Amino acid sequence: FKGAIDHHDMYPLKYPDNPGVRRHLVKKSSRCQLLQTTNSSSQLSSVKKKRTADKKIHEVFVELNELIVDKNQEMRWKETARWIKFEEDVEEETDRWGKPHVASLSFRSLLELRRTITHGAVLLDLEQTTLPGIAHLVVETMIISDQIRAEDRANVLRALLLKHHHPNDEKEGLFHRNHSSNSLQGSFHRNHNHVPNTALPLVAEDHAAVHHHHHDNKAPDHDKEVFVSLFMRGMGKVLLFCLHCFQISLTVCHSSGCVEFLEQPAMAFIRLSEAVLLESVLEVPVPVRFLFALLGPAQSNMDYHEIGRSFSTLMSDKNFHEVAYFADDRQDLLNGINEFLDCSIVIPPSDVEGKDLLKTVASFQKQMLRKRKERENIKKGMTHATPGTDQETKEVDPMKRSGIPFGGLIHDIRRRYPRYASDIKDALDSQCIAAIIFIYFAALSPTITFGGLLGEKTEGMMGVSELIISTATLGVLFSLLAGQPLLIIGFSGPLLVFEEAFYKFCQAQGFEYLTGRVWIGFWLVFIVLLIVAAEGSFLVKYISPFTQEIFAFLISLIFIYETFSKLIKVFQEHPLMRSYPPALSLPGMDFINPTDPGGPVLNQPNTALLSLVLMLGTFFVAFFLRKLRNSRFLGGKARRVIGDFGIPISILFSVLLSYSIPDTYTQKLNVPSGFSVTSPDKRGWLISPFGDKKPFPLWMMGASVVPALLVFILIFMETQITSLIVSKKERRLVKGSGFHLDLLLIVTLGAMCPLLGLPWLTAATVRSVTHVNALTVMSKATAPGEKPMIQEVKEQRVTGLVVAVLVGMSIVMTDVLRNIPLAVLFGIFLYMGVTSITGIQLYERITLMFTPAKHHPDHIYVTKVKTWRMNMFTIIQLACIVLLWVVKSTVASLAFPFILIMTVPLRRLILSRIFEERELQAVGGHSWNSLNSGTIIWSRQHWVTRYK
């Protein structure tokens, strides 16, 4: 020993060793300390580096026990905290578990812990399987290391083997906790009033008595799940279920407490060679691999509770846990503590008023963790990955062009259709049945809503009946043939805007509206074949959030505007008056009895007020049910069910309210009886390409390519962006996507719809995302306080197929649909507009224009871009929205999609010269690589709430 340190003999004189401040000059040894005694029954063999029993690092469950005196004046170990990644403390008053939280430690407790480990006992790879045997070796090591006196041996043994108490132990259960003899319930000879002077051989005999159960105490196979009984007393269902699914197969038991017979603190860290089951020690029957004991007098300056929390937090840390698992000696543990301190944050002891002052702590911690990973990569020599690794992990880019005609389409077919059998088998799951019920209402509500407004816009040429039939027919065919059958197709706001614009154009030019749609459908087939042949789906990469935000914001404004426009029309047709005299006494007004179907209904009393109440009632019920989903009321499942069915519930509420007031007239939804078109007097089921009442102009047949191109732009944007969101990498889809195949199916099938006078459809973003969420299986193996991760998605075709069939069968509900007031649909459109606009980053930046800079949030587009340049970017987007609104409101409204698509070159060619690329990325830019990797920078919230 002297030869090992003679060259440092003067160093401690100049620089005294302060174990709590600096790293220590402890030479690394290759073996644990050799401990021997003269007693053959308690001989301690050297612990060799044998890890053949368990080399795999497992998830860890840490339990903190403290020595207390209970109400019967008996000393016992009481569990005060536990860690499954996060800390949970026992609330003293109620003896129940608190909420999981990130452990906050005092810096002094960490330094004290490091000093304690420096001078304490460290036993690595101890070959013992019972608590008495472990305690015996711990006490002997403490004596050898001069932590305790020899005469304190029996008292320390009794303290280590005291009974353990856990929360809710007094509660009744099917099976009682089986306290083993090593709890000292029998060692005290049933005398709880004093501590007998038991000699060491008594404990040795106890050790020998239980040694024949060695095979029962060994840990189970770590490759299998650890079985946890749901009927053991004191076990909360949440914790038991978590441990069972989380496959926690290693446990750390930490005990700390005050005892008056010791003169100084004594510590021992034990790592067993194999994890063993120690009955009655833990609240859950999980094998124990690590133990930590800390005993000391109350007069010491140590805070045993905080030191215990510090060590428990260290063991719950993944990196330190690995260090403790592979440590060869004491110095490895100290180095692990130093690494933990390097990544820890110290908050100054100043008064903190408000949570906003602590927001930078999280970002600073992320930087520390990132640097920690970089250091680990440098140590492992993994800073530069090998080319082979990149090739193995590289995934196929669905947007990559093959260079051959229809190459992307062929690739989609080859990848998806061989999985057709599994698409049927995977639907044999109860979760798919629940998804069908939910998605049916999620698809039917917007179908009825859009159908009612479409009938208003086209004066009955197309309405609810046509939209239901179109949704059902195309939904069935798409579910059977799609490359990504999780997509739900339906009508959307942009298509409604185009239908209105094209109808006004045909009315102004004297063309037949439905015949013009037929020729647009023919041209759509030609355009989509051309785009798919050229693998044009890659063009979606150039549609930046700049265009998407303008598009979504404009549609939201249109919804809100249309809602109040229709309501104003109701007030004009049914004005508010003090009294309602006969119609003949009111010049310029005609009163028609509501029972007379031959004319319009005007000047009805209270109609305007009831319409306002129904509209606002529908909106607020749907809006607050949506808020309820993320609130703290009721249980999680109840909130999700109520929130998911918010739209149908709000419609039902308003319909019942209207039905309860029969004396007041309200305009109802126009739905024909049975399988019939909305207006049988205006059209039939078959639409002639050459005109019905008059010939369709030849030049217009060719000119229809222009509106066909415009409607294709809308379908292309909606479908491809929806496919991108559904196929994100984080959703863990394994059967691939079908960008080219799905686009071909949606456009081709939709192009055939005009021959029957049916609306075009597109991939409905919200309904598709909702469909995927309903089929998503979340991992149940999560620690308390940790967010569950996506485990898998039930990728199949049956749910979309059944939903489409159910929507089609809803055509027989005409008697029910005819009782829905139009004011209820106005409320749904107001809900769509408000919920969509509040989730767009553009809306947030508009509000920041009227907010003082000191109150701006810490978003990336605020911190990385100067305020005046951020406002200039926002003003440019608002100017584009104003231009689009002007175009939509004039006779040139048909050019609305063309003006919209021109924002793409505006962003790429002009704004890139005004703003730096860093600024464009911050205010809403993304690259295709980020989309392909599943990380979309721009705000996607409006795609989740839009048109819901």
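Positions of Cβ are set from backbone N, Cα and C atoms, glycine also.
Per-residue pLDDT, averaged over the domain 'Band 3 cytoplasmic' (58-353), rounds to 70. If you look up TrEMBL, you'll see 58-353 marked as domain 'Band 3 cytoplasmic'.
Residues annotated as domain 'Bicarbonate transporter-like transmembrane' in TrEMBL: 405-577 (among others).
If you look up TrEMBL, you'll see 602-923 (among others) marked as domain 'Bicarbonate transporter-like transmembrane'.
The feature transmembrane segment is assigned by TrEMBL to 433-455 (among others).
Under the heading transmembrane segment, TrEMBL lists 467-498 (among others).
Per TrEMBL, transmembrane segment is recorded for 518-538 (among others).
TrEMBL lists 550-568 (among others) with the feature transmembrane segment. Remote same-chain residues near the transmembrane segment (550-568) are listed as 453, 456, 493-494, 497, 611-612, 615, 717, 822-823, 826-827, 829-830, 832-834, 836-837, 840, 842-843, 877, 880-881, 884-885, 888, 900, 903, 942-943, 946 (criterion: CB distance under 8 Å, separation of at least six residues from the stretch ends).
Beyond the transmembrane segment (607-625), the same-chain residues lying 6 or more positions past its ends with a Cβ under 8 Å from any Cβ of the stretch are 563, 567, 570-571, 574-576, 642-643, 645-647, 649-651, 653-654, 657-658, 661, 664-667, 821-824, 826-828, 830-831, 834-835. Annotation comment: TrEMBL describes 607-625 (among others) as transmembrane segment.
The feature transmembrane segment is assigned by TrEMBL to 645-662 (among others).
What TrEMBL lists as transmembrane segment is 696-717 (among others).
Same-chain residues lying 6+ beyond the ends of the transmembrane segment (738-761) with a Cβ under 8 Å from its Cβ atoms: 398-399, 406, 408-409, 411-413, 416, 454, 461-462, 466-467, 469-471, 473-474, 477-478, 481-484, 487, 489-491, 495, 499, 514, 517-518, 520-522, 524-525, 527-529, 531-532, 535, 537, 540, 677, 683-687, 689, 711-712, 715-716, 719-720, 723. Feature annotation from TrEMBL assigns transmembrane segment to 738-761 (among others).
Sequence annotations record features per position, and here TrEMBL assigns transmembrane segment to 824-843 (among others).
Annotation source TrEMBL lists transmembrane segment at 875-904 (among others).
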